[in-house]
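Take a look at the structure below.
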Amino acid sequence: MSARLPALWKRLSSTISPRPAPPKAHHHAPIREAAFPNGYVLTGLHCGIKKTGALDLAVILSTTPKPASAAACFTRNAFKAAPVVVSEEVLQRSASTARALVVNSGCANAVTGKQGMEDAWAMVRATDALLGHSAKESETLVMSTGVIGQTLPICKVLAGIESQSSDSQTKSLGSDFTAWERAAKAFMTTDTFPKLRARTFSIDGREYKMAGMDKGAGMIHPDMGPPRMAGQLHATLLGCIMTDAAVSPRSLQSALTYAVDRSFNSISVDGDMSTNDTIVVLANGSAASDPAAEIDEERDPRTYQIFRDELTTFAADLAQLVVRDGEGATKFVTVSVNGAATYEDAHRIASRISTSALVKTALYGQDANWGRILAATGSVPLSVPIDPTRVSVSFIPTDGSPALPLLVNGEPETVDEARAKEIISVEDLEIEVQLGIGSENAKYWTCDFSYEYVRINGDYRS
């Protein structure tokens, strides 16, 4: 049977010429130093996990006198990696505060048993030591990404962390663009560019800053929730966002949970959930010395909602970078599902379309096969059943030209195939599904499946 596979592959691929992924480096550009939040120092370095010599360890410290409010959303995979379990424990012990984050790439430290847990705690303790004598135990969150089932070269990792101590000649912690960029690069595995963003926003005349980085290109279909939430099963998605706003821990977690559902939990590259998916937010309050300026959902819902919406927009920007860098991807696709009875219904349908291998391969082949979109839509159980006579499907061009209806109120349109191919041949496009049931909408961001995706993942460990 195996001898037939090359011939079968050749026959199946003969009708579509492999196309290289479009250039992606332009999604990363220098950021002015004034855009980064106050009160953070960070770096990225090579400690020896990656054989290539690439950066594989990031250290991020908050320098404010008091610990930063900390919030996180973690994978709901039953096989949670050691750093996920340890970070959940740190947040529980510290009443949702933290002073540091340490991240390694090249080894996931997942399904590594007792040794993996010991190694994750060792990374926490080593980073805690960088904070000085005033630091309490367990003020560091930890994240890892890479191959599952392999243990960390922990001596190399600890040496890398210790190289950032105050008396070390190799200390490289900083707050300029280079420091932020090196940290972002240390997150990377199969990523083709570092994913780093920063922005400034105002609430009631007070200026705040927010910066963040994430990584991910494969094994991307997150379903993350707050610490200790039980959930269902589904390369890793890791991300961190730092702000100099003062936000109460409870409100920060509430805002992050809302934001993640509309950003990182709304992307898919290949439909596979990682054991390590983690998003962390630190809010150190360095922009507001007045305790009354702390953002709190119960005390001032209006101010909280402004912050929550800023965080959601920023998180969506970071999440979309992951899809744009999807392994072998040639297209960035927005899936919009409108007119559902509930947001959850719209989100489930958008997720199903975004993970359909048939839809994703049709996108790569530039085939306007809307029947696959409709089949995916109809396969999802909803709180209010679909009425097929109300459903419409369209391609939305990204150049501002008119939409191309494919199905209108359950009736197929006579499609201009040349126009459809023109729309689907560009890098960015949107699929819109109108259910005609209610007023709730949801978006998902996905990419196509290419031959290159198969090659990357077939060779991942070699």
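Numbers here mean position along the shown chain, with the first residue as 1.
Cβ atoms are placed via backbone N, Cα and C, with glycine included.
These come from Swiss-Prot:
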| type | residues | note |
| --- | --- | --- |
| ACT_SITE | THR236 | active site, nucleophile |
| BINDING | THR189, LYS215, THR236, GLU327, ASN457, SER462 | substrate binding site |
Helix, strand or coil for ASN457 (substrate binding site)? Use DSSP.
helix
Would you mind reading off the Cα separation of THR189 (substrate binding site) from the residue listed as 'active site, nucleophile', to the nearest angstrom?
9
I need the most crowded of these recorded positions: THR189, THR236, ASN457. Count other C-beta atoms within 10 angstroms of each C-beta and give me the top one.
THR236
Measure the Cβ-based neighbour count of LYS215 (substrate binding site), defined as the other Cβ atoms within 10 Å of its Cβ.
28
C-alpha of LYS215 (substrate binding site) to C-alpha of the residue listed as 'active site, nucleophile': distance in Å?
8
Give the number of CB atoms, excluding that of GLU327 (substrate binding site) itself, located within 10 Å of its CB.
26
Using C-alpha atoms only, work out the spacing between ASN457 (substrate binding site) and the residue listed as 'active site, nucleophile' and round it to an integer in Å.
13
